[in-house]
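Trainee: Sharing a structure with you now.
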Amino acid sequence: MQDFLEFFSFTDANIRYVTLGSVLLAASSAVVGCFTLLRKRALVGDAVAHAVLPGVCLAFILSGTKNPFILLIGAFVTGWISLVVIDYITSRSRIKEDTAIGLVLSVFFGIGILLLTSIQQTGNAAQSGLDKFLFGSAASLIGGDLIAFGVVAVLLLVAVVLFYKELTLLCFDQAYARTIGFPVRSLELLLTTLTVFAVVVGIQAVGVVLMAAMLITPAAAARFWTENLKVMLVLAALIGAFSGIAGAYVSYTAPSMPTGPWIVLIVSMIAILSFALAPGRGWVARILRQRRNKTRILEENLLKLLYQLGELRQDYGNARSLEELLERRNIPKKEALGGLQKLKRQGYLRKEDSRWLLTPEGENRGRRVVRLHRLWELYLTQYLNLASDHVHEDAETIEHIITPELEQRLIEELNYPDLDPHSARIP
Amino acid sequence: MILQVDNPVVEVHDLTVSYDRKPVLWGIDLTLPAGALVGVIGPNGAGKSTLIKAMMNLLPVSSGYVRIFDQPLKQVYSRISYVPQRESVDWDFPASVFDVVLMGRYGQLGLFKRPRKADKDAAMEALEKVGMQSFANRQISQLSGGQQQRVFLARALAQNADVYFMDEPFAGVDIATETAIIQLLRLMRDQGKTVIVVHHDLQSASEYFDWVVLLNMRLVASGPTEQVLNQELLEQTYGGKLTVLSKVGDLLRKQEFPAREKN
């Protein structure tokens, strides 16, 4: 708790810097990641992230320093080469893109690990901390590092704002973009460069191994909540920023913990929650919708039953017992009772000494269901040429979803019919 | 029966297009007149879409060139408009109908510039022309096939071009949309625009188009509809593939041979 207060009061200048840095990095890579995701190049981001490692190591070997600018340049170069190689393999050989990505990712990362291990064995004192690039360490984002990475992150955000229109069109309809004279090759190059930069600035905080998650997961999570690209970009940035702060906090309170895995865990939690809770697209919304459908079917079936009994005996005013209802239709007793109680609360039924009676409104609704059932049966026999003994099952479902407008259309197309295929009157 | 015209809007000269070295279009020589509603017709795999894409410089060509208004494509981007096949994009993209139609103005705007109010007016007007104004704020993921096609058409209309290239605008749309589209295309032709349409339905072709291009890996015919749509030419177009031609194509691919010596 003490740590928590200390961290989030931001009195320590270091904490302020680390937090600011993490937020910038995470937000900028999340924003670029939105376009990578929409272009369906998510895996490419992963390949670049891994391919950055040999660059970092080579830059260190050649320069002998850990100057962030030099390491950034090294990372950028190999990240870029990896993309060129993927493109080359895909266009010049029979190997498909996914295979090419897999190949490049593992080869580059393998070389990176090899170099890293040999650097560590030289006993060079300056090398300590280089392994932070593997899993990230937000707490080391201070001083010159912060400025270097921060500047690139801000540039990324500016580039996305500047090229918003062009990048959007590139992701949505590349062929069309070419026919209106957009420099598609250059724009592709731009997006690739942005992706590489986003990966490169993120590795300090998250590390190469898990950087792809930082690029793609916030975008994937944001996609669940909105259908508007601008909103999606802002949401992804916020999700990225939040996980960035969380990562910085963990890194500050437990310096021996690698930051990357923590950030990835947090951002993945957000993604899973989005998957579950998002309106419309989410999983909970789908379950609720299915449950609503189920209750509706049950209720309408009960009303229909009561109406049909009334129709059969020509006595709509008489109350029926539960047993009478269940005799005609197999509904679990408990479910039926619950449905009846609910319909009573809604004013569609009345109860007279444990027997059930339709109110005028209930009778209307029941009649409508019966009408839709018979209309649909008639429609199937007339328009789909189905035999009249094959149409009942289908109508059992369709009767619950036909809207009043469709009902009107049906009646018109069937030319105001009186009888259904079984010669029952259509009420 | 291949009729060449003077002062053509579109001139295709000795065009050969290959996929993976196998030519799918052989030596197309074609000129199209201004102000015509042109149908490009042929069986599946005849290379209809390929021809349009090659005209739009979307595919590398093995030989030949395309000129529009007697200029290379690069010089006339502002006068042409392309309507890709509906399935060529992912309609689950986070955008509204209006966003997509507004893309039709991007060419005029150029890089960096934001759409101005006038561009939004033009986009809205284009939506009205296809009868979709009430859908402006609808998400494109919620559209039916016919509606998607209308949105693409509106985007092209917003460009205010002189020549339109449309790839299968009638594929998989409802009757109402098909009628609405063909009326719109006729209107455009009457305003002096040239509209080139890849079309798969032979039945409606004679009614829809005033100029027909028959294609089956090679150019079979090009000319006014009533002169081209006859039994003999249709048999040449639809009477199966030229076996020798596709065998030679297969050979070129297998041997990794260039379609032209100097490649």
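Cβ coordinates come from backbone N, Cα and C, glycine included.
Quick paste from TrEMBL:
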TRANSMEM  A:15-38  transmembrane segment
TRANSMEM  A:43-63  transmembrane segment
TRANSMEM  A:69-89  transmembrane segment
TRANSMEM  A:101-119  transmembrane segment
TRANSMEM  A:139-164  transmembrane segment
TRANSMEM  A:176-199  transmembrane segment
TRANSMEM  A:205-225  transmembrane segment
TRANSMEM  A:232-250  transmembrane segment
TRANSMEM  A:262-284  transmembrane segment
DOMAIN    A:359-427  domain 'Iron dependent repressor metal binding and dimerisation'
Trainee: Which numbers of helix, strand and coil residues does DSSP report for the domain 'Iron dependent repressor metal binding and dimerisation' (A:359-427)?
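Mentor: The breakdown for the domain 'Iron dependent repressor metal binding and dimerisation' (A:359-427) reads 44 helix, 2 strand, 23 coil.
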Trainee: Give me the stretch from A:15-38, A:69-89, A:101-119, A:176-199 with the greatest number of Cβ pairs under 8 Å to the transmembrane segment (A:205-225).
Mentor: A:15-38
Trainee: Is the transmembrane segment (A:262-284) close to the transmembrane segment (A:69-89), in the sense of at least 3 CB pairs under 8 angstroms with a sequence gap of 6 or more?
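Mentor: Between the transmembrane segment (A:69-89) and the transmembrane segment (A:262-284), contact is absent.
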Trainee: Could you pull out which residues elsewhere in the chain have a CB under 8 Å from any CB of the transmembrane segment (A:262-284), counting only those six or more residues past its ends?
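Mentor: Apart from its flanks, the transmembrane segment (A:262-284) reaches 26, 136, 138, 205-206, 210, 213-214, 217-218, 220-222, 224-225, 239-240, 242-244, 246-247, 250-251.
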Trainee: Find the member of A:15-38, A:43-63, A:101-119, A:176-199 that has more C-beta pairs under 8 Å to the transmembrane segment (A:139-164) than any other listed stretch.
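Mentor: Of the candidates A:15-38, A:43-63, A:101-119, A:176-199, A:15-38 scores highest.
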Trainee: What stretch, picked from A:15-38, A:43-63, A:176-199, has the most CB pairs under 8 A with the transmembrane segment (A:101-119)?
Mentor: A:43-63
